[in-house]
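Asks: I have a structure I would like to understand better, so I am pasting it below and will then ask my questions one at a time.
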Amino acid sequence: MIRRQHMEAQKNTSSVPVSEFLLICFPNYQTWQHWLSLPLSLLFLLAMGANATLLVTIRVEASLHEPMYYLLSLLSMLDIVLCLTVIPKVLAIFWFDSKSINFSACFLQMFVMNSFLTMESCTFMVMAYDRYVAICKPLQYPSIITDQFVARAAIFVATRNGILTMPIPILSSQLRYCARIIKNCICTNMSVSKLSCDDITFNQLYQFVIGWTLLGSDLILIILSYSFILKAVLRIKAEGAVAKALGTCGSHFILILFFSTVLLVLVITNLARERIPPDVPILLNILHHLIPPALNPIVYGVRTREIKQGIWNLLRRLKEVR
């Protein structure tokens, strides 16, 4: 009822022709933005450096030219794009008070965040399937998980998530706006659409349904894959085989668990927005676009012997060039 009255009041006012928005990060704690920029900058450099190192290592090391590592390269590329879409603008706000963002740039950022987040989830699902085949059907692995499989999987990841998330920014861009101050560091659909004079029920409903359908289906398939893997591993009786098999999946499982946990916490804090300070969801949203990209290559680099060896080989080559 209150929402309806608010909408009626807004309809009686003229909409504002918006050519740009203003991003107001942490409305209640703007004084400590400069302090927060330091750890965010370090995490950003770590994420960029670690993912770039991983991509270069897989590219130049012939022993890593395998489907499993191609999928890891896809994950690193998605992480780099997500970081570059969000963090530089956040740091520009903190350092230079560059709060304005172009109308088109805002909705482009919204599209990249929504589509690439679901692409990352879908990539985790494909990687879980890769480990399922490797452990449950080892003899068929070379014929199932091929370079062609990876290429088709990458096309599927990009197409499914790009097409299904594209209506979110399109719907938001067609709205009439009565204000232009976004109380967030980034152009999330929820933060932007709240400024509209129009009814945003369908907009919010579409994002909710698509988000839970894509991320939920990926998570269900990931859980099923690891359930079959665990069942198969427990049947192995050879000494040390269980530890070795679980070790190959450990990196995947850690990253998927962290990705899903942070996303779930972010959703809960947004749903309980009235009981939680508004700055908490904003901070969690930023960290979710920064910490997983920083952790992904590090976890794989530490836990995967072939990648560690590839990095050492790369460093030796660089020393020889000097």
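The backbone N, Cα and C atoms fix where each Cβ goes, glycine too.
Just lifted these from TrEMBL, have a look:
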| type | residues | note |
| --- | --- | --- |
| TRANSMEM | 35-57 | transmembrane segment |
| DOMAIN | 50-300 | domain 'G-protein coupled receptors family 1 profile' |
| TRANSMEM | 69-95 | transmembrane segment |
| TRANSMEM | 107-129 | transmembrane segment |
| TRANSMEM | 149-170 | transmembrane segment |
| TRANSMEM | 205-229 | transmembrane segment |
| TRANSMEM | 241-268 | transmembrane segment |
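How buried are these features, and what lies next to them?
Replies: Sequence-distant contacts of the transmembrane segment (149-170), counting only residues of its own chain at least 6 positions beyond either end whose CB sits under 8 Å from a CB of the stretch, comprise 67, 70-71, 74, 107-108, 110-111, 114-116, 118-119, 122-123, 126, 189, 203, 206-207, 210, 214.
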Asks: Averaged across the domain 'G-protein coupled receptors family 1 profile' (50-300), what pLDDT does the model get? Just tell me the whole number, please.
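Replies: Averaged over the domain 'G-protein coupled receptors family 1 profile' (50-300), per-residue pLDDT gives 89.
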